[in-house]
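Novice: Submitted below is the structure of interest, expressed as structure tokens.
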Amino acid sequence: MIPPGAPILTAEAMRAAEDAHFRGVPQLDVMERAGAAIAREAARFATGRDMLVLAGPGNNGGDAFVAARLLKAAGHDVTVAAMGEPQTPAARTMFERWEGATSSLYEARPRPILIDGLFGTGMSRALDRGPRALLADLAKGAEFSLAIDLPSGLETDSGADYGAPRVSATIALAALKPAHLLGAGLEKCGHVLLADIGIPVESAWHSLARPRIEAPGAFDHKYSRGMVAVIENAMPGAARLAAGAAASAGAGYVMLIGTDPASRVDAIVRKSVAAAEDLADALADPRIGVVVVGPGLGRDRRAEGLLKAVLATSHPLVLDGDALSLLGRNAARWLQARTAPSWLTPHGGEFDRLFGEAGGSKIDRTLAAAAEAQATIVHKGADTVIADPRGAVRVAAHASPWLSTAGTGDLLAGLLAARVACGDDALVAAETAVWLHAAAARRAGPAFVADALIGQIPQAVSECL
Ligand SMILES: NC(=O)C1=CN([C@@H]2O[C@H](COP(=O)(O)OP(=O)(O)OC[C@H]3O[C@@H](n4cnc5c(N)ncnc54)[C@H](O)[C@@H]3O)[C@@H](O)[C@H]2O)[C@H](O)CC1
Ligand SMILES: [K+]
């Protein structure tokens with residue numbers, strides 16, 4: 001569970017927000033607030049069980065000493081184990097305010113409640129083998145483990161694992177950090193809680209929140225509600241899934257354009273196109289609000305011809321699957337030449353083929369790609385990152401792992417097209433599509449076939465009205 005709609009800050013951005021705040025508020029007061037928030041959460045789960053608090057050398061350790069003092073004062077049985085001497089003035093003061101004994105990390109024995117305050121946003125290198133193994137043992141030996149800000153050993157900005165334990169819950173201080181939503185962090189953080197410790201934070205990056213969807217007005221009709229065209233080719237089933245999702249997510253009119261005589265879906269209009277050259281005519285209808293190209297397109301000459309005909313139109317585009325593979329490293333060049341907006345929905349492998357493998361965290365890479373292609377990018381995965389060319393980011397974590405099955409990507413492309421055709425802003429369309437996709441999967445339960453998600457989409461929409 002991740003707090004929805006919460007700001008996400010990198011380690012550097014968090015430090016800048018803290019520094020600005022400390023000009024008006026004493027740092028020790030802020031650390032007292034952080035420690036109090038941690039103590040409050042730990043006490044909620046303690047039910048009289050003994051606690052072990054781990055304190056590292058930096059301010060994460062400072063928070064830990066505050067929490068230990070408050071929990072002990074509240075009557076809990078608390079022992080503290082520290083790793084090295086406190087290295088910051090604030091951590092030293094909090095160490096001195098802790099009046100109990102402090103043992104070394106190497107002497108610590110597991111206790112039912114573990115509070116991990118070894119390292120937070122200041123972790124600068126992988127944990128050494130010794131502390132890594134000790135921490136893992138202490139976390140495994142605990143019945144409930146709570147990480148202060150981050151499980152110690154997670155790289156704040158990427159979520160890469162440098163030896164972090166898996167904890168029951170993590171209390172993010174002031175803001176989420178990328179590691180709460182990305183990469184290994186998804187599995188290591190457990191339930192993520194957010195504590196307001198008085199530091200004002202602003203960010204263009206947020207965790208995904210439930211969107212609002214406008215119901216049609218009394219005078220809306222099928223065209224005013226938005227028209228989606230889906231290009232069908234080598235694997236018509238994929239295009240059909242995209243079309244079905246679009247029709248179920250609020251589009252007024254969905255058209256499948258291709259050659260497959262077997263693809264009959266009663267409410268979806270079919271338009272036959274024999275040769276790729278005929279596609280331009282089929283797409284000439286100015287009422288078309290968006291074209292989906294890529295699901296089941298194939299990668300042969302005909303597929304290439306169809307894609308080129310689509311790119312030559314002035315319609316907004318949702319590009320997925322084979323369209324992304326065909327564009328490859330030339331995607332940005334093709335898209336920059338267009339005036340209508342585009343959305344790209346690559347999974348990790350497609351993203352690497354489009355934009356290369358280098359460039360920092362998943363958020364950094366998606367942002368750079370959005371700027372390069374001047375498109376909204378939905379970089380799919382267990383941690384889906386949406387980025388737009390203006391620098392906005394939304395991260396959706398913890399979607400059902402059952403979504404890792406054939407056809408779900410096609411559905412997402414269709415959902416996105418529906419929201420674009422309905423007139424959502426570019427970023428909102430992507431957020432809404434990703435949210436509906438996850439909600440439909442949640443409703444479908446385990447081991448679903450992608451087709452079954454279509455029937456869940458209207459219920460997912462109803463959660464947003
Ligand atoms: N700034 C504040 O007053 C507040 C900060 N809060 C908490 O502080 C941490 C961030 O604190 P910081 O001192 O910057 O860093 P850390 O405590 O995470 O650790 C730095 C410390 O650890 C050493 N170190 C780094 N990596 C390793 C490693 N792999 N092995 C061994 N040692 C390592 C490094 O040299 C430093 O000595 C933040 O997460 C909050 O928990 C509060 O929010 C309150 C206000
Ligand atoms: K920690």
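Positions of Cβ are set from backbone N, Cα and C atoms, glycine also.
Taken from TrEMBL, the feature domain 'YjeF N-terminal' covers 10-205. The (6S)-NADPHX binding site annotation in TrEMBL covers 59-63, 120-126, D149, A238, G296, H347, D410. What TrEMBL lists as K(+) binding site is N60, D116, S152. According to TrEMBL, the feature domain 'YjeF C-terminal' maps to 205-464. The AMP binding site feature in TrEMBL is assigned to K380, G381, A382, D383, T384, G409.
Help me picture where these features are in the structure shown.
Specialist: Annotation note: D149 ((6S)-NADPHX binding site) sits in a coil segment as assigned by DSSP. Taking Cβ-Cβ distances under 8 Å and a sequence separation of 6 or more, the neighbours of D149 ((6S)-NADPHX binding site) in its chain are N60, D63, G120, T121, T170, I171, A172, L173, K177.
Classification of N60 (K(+) binding site) by DSSP places it within a helix.
Looking only at the domain 'YjeF C-terminal' (205-464), the predicted model's pLDDT averages out at 94.
Counting Cβ atoms from all protein chains shown, D383 (AMP binding site) has 22 others lying within 10 Å of its own Cβ.
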Novice: Taking 8 Å from the centroid of the Cβ atoms of N60, D116, S152 as the cut-off, which other residues in that chain fall inside it around the K(+) site?
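Specialist: Not counting the recorded site residues, we get L54, G56, G61, A64, G117, L118, F119, G120, A147, I148, D149, L150, P151, G153.
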Novice: Under a three-state reduction of DSSP output, how is D383 (AMP binding site) classified: helix, strand, or coil?
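Specialist: In the DSSP reduction, D383 (AMP binding site) maps to strand.
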Novice: Among the binding-site residues N59, D116, T121, S152, which have a Cβ atom lying under 6 Å from any atom of ligand 1?
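Specialist: Among the binding-site residues listed, those whose Cβ sits under 6 Å from ligand 1 are N59, T121.
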Novice: Suppose the AMP site is K380, G381, A382, D383, T384, G409. Which further residues of the same chain have a Cβ inside 8 angstroms of that site's Cβ centroid?
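Specialist: Those within range, site residues removed, are H347, G348, H379, V385, A396, A399.
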Novice: Output: those binding-site residues from S152, K380, G381, D383 whose CB lies less than 6 Å from an atom of ligand 2, in sequence order; none if no residue fits.
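Specialist: S152, by Cβ distance under 6 Å.
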Novice: For each of H347, K380, count the other CB atoms within 10 A of its CB; which of these binding-site residues has the top count?
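Specialist: Sorting the candidates by Cβ neighbours within 10 Å, the top entry is K380.
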